[in-house]
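Quick look at what Swiss-Prot annotates:
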type	residues	note
ACT_SITE	CYS117	active site, proton donor
BINDING	LYS22, ASN23	phosphoenolpyruvate binding site
BINDING	ARG93, ARG122, PRO123, VAL124, ASP125, GLN126, ASP304, ILE326	UDP-N-acetyl-alpha-D-glucosamine binding site
MOD_RES	CYS117	2-(S-cysteinyl)pyruvic acid O-phosphothioketal
Amino acid sequence: MDKLKISANGPLNGEITVSGAKNAALPLMCAGLLTSGTLRLKNVPMLADVKTTQKLLQGMGARVLTDNISEFEINGGTVNNTCAPYELVRTMRASILVLGPTLARFGEAQVSLPGGCAIGSRPVDQHLKGLEAMGAEIVIEHGYVKAKGKLKGTRVAMDVVTVGGTENLLMAATLAEGTTVLENCAIEPEVVDLAECLVKMGAKISGIGTSTMIVEGVDELHGCEHSVVPDRIEAGTFLCAVAITGGRVVLRNAAPKTMEVVLDKLVEAGAVIEAGDDWIAIDMRQRPKAVDIRTVVHPGFPTDMQAQFMALNAVAEGSCRVVETIFENRFMHVPELNRMGANITTEGNTAFVQGVERLSGAVVKATDLRASASLVIAGLAARGETVVEQIYHLDRGYENIEKKLGSVGAKIERVSG
C-alpha cells in the first residue's frame, strides 16, 4: 500500500495548475445517463472516484471514452441496465447520484446503498423523500434502493441543505412531467456547475445559484460540451500548504470567486492574497496567526477545508476554536496531528487549538480524504520525516498531489509498501 514520505524543505515557490473539481465531475458524469446523446466533459480530474464512476456507467451499458488526461465522452444511448451494484457503489457515496437520472429517463432504477451509509450521519433520506414526492415508488430491499414510476413535477422542500440531494432531484426533475419547485437547495459552486451543464443539454431551469430552483420538465435532453469548474478545495489545500511553509505560489486554473471565505481566512492568518478571474497568488512571509473557524453551508466556510486549517492553526501564533457544524465525527485527524506535537483538544463539535512553534515528523494514518490533506500540510512544516499511511483516501480527491507540491519545492515522495 502506498505511503507519502514528507520532510520540511523551506518555503514553496512557483506555479501549480488546479484540477477540475471532483465534486462537480461526479454528478456531471452521472448526468450523461439523462440523454441518448454524447456529453463531452473537459477539465475532469483523473481520480479514483472518477474511474469508479466510469466503471459504474459502463456497467450500466453507457459508452464512456477518455483520453486519460482530462476529457471524457459519455454516451447514454447504449444504457441497457438500470442497476448500480454494490461491488462498485460500496467504495463511493456519490454513486447514489445515478438514481435520479436513471429513474427519470427509464422509469426504474436499482441502486445499492453506499457502503457504510447510515441513513443518519450522511443521509440519503432527502433524495428518496424528494423522489417519492415526485411520484416514485421506493422500497429498500436487500441493501438496494429500488425505485420505479413516471416522475411528475411538484414542490419539494428539502428538510436540510444537501448537495447530493439537490443534485439528484435536479437531474430527475429535468425529465419529469410538469414543473418542479426545489426549495432549500444547496448553492455550492458544484451544484451551479451541474445546473449550467443541464441547461446546455436542453433543461429548463431558473433560479440557478439560489436556494429555490424551478425546473420545467422536457421530453428529452441532448448532448453538449462542458468544462468542469476548478476544484476550490484542492486550491485551498495548496494555499494552506504555502501558508504553513512560507513562500510565494501562483495557482492557475483557479476560481477565486468560489472560495472567498477561505481567502479571507488566509488573509486573517497573515497571507498576502492576489487574485484574477482564473488565478490566485499567495505570498507568506511570517508565522501564521491563529484563526477561528466555523463550518457552515456555502457560501460560508466549507467543511472540506476544516482539517487543512486545523493543521495551519496547529503551528500558528495564538489560540483558536474550530467548530464543525456540518458532519459529525470529523475530527479524526486531531489525534494524528497531536502525535506530531500539536496541542489540540476537542469537546463535542469544537476543537481548541493552541499553536506550537514546530511540529515533529511521525508516522501517521490518513483516516479520510481531507484528514489526509491536513497531515500532508503538517508534514511540510514538521521537523524530521513524516510518513502518511493509507493514502488511498488522498487519491480519491487529489490528482498527483505529490507531483504538484514537489514542483514548487516540497520534499515529498510516494513509496510502495
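Easy rule for this one: first residue shown is 1, then count along the chain.
The backbone N, Cα and C atoms fix where each Cβ goes, glycine too.
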Counting other CB atoms within 10 A of each CB, which of the binding-site residues ASN23, GLN126 comes out lowest? GLN126
For the binding-site residues ASP125, ASP304, which one has its C-beta crowded by the most other C-beta atoms within 10 angstroms? ASP304
So, three-state DSSP: helix, strand or coil for ARG93 (UDP-N-acetyl-alpha-D-glucosamine binding site)? helix
Write down the Cα-Cα distance for ASN23 (phosphoenolpyruvate binding site) and GLN126 (UDP-N-acetyl-alpha-D-glucosamine binding site), rounded and given in Å. 19
Measure from the Cβ of LYS22 (phosphoenolpyruvate binding site) and count the other Cβ atoms within 10 Å, all protein chains considered. 25
With DSSP assignments reduced to helix, strand and coil, which class does ILE326 (UDP-N-acetyl-alpha-D-glucosamine binding site) get? coil
Cα-Cα separation of ASN23 (phosphoenolpyruvate binding site) and ARG93 (UDP-N-acetyl-alpha-D-glucosamine binding site), in Å? 11
For the binding-site residues VAL124, ILE326, work out the Cβ neighbour count at 10 Å and name the residue with the minimum. ILE326
Give the distance between the Cα atoms of LYS22 (phosphoenolpyruvate binding site) and VAL124 (UDP-N-acetyl-alpha-D-glucosamine binding site), rounded to the nearest whole Å. 19
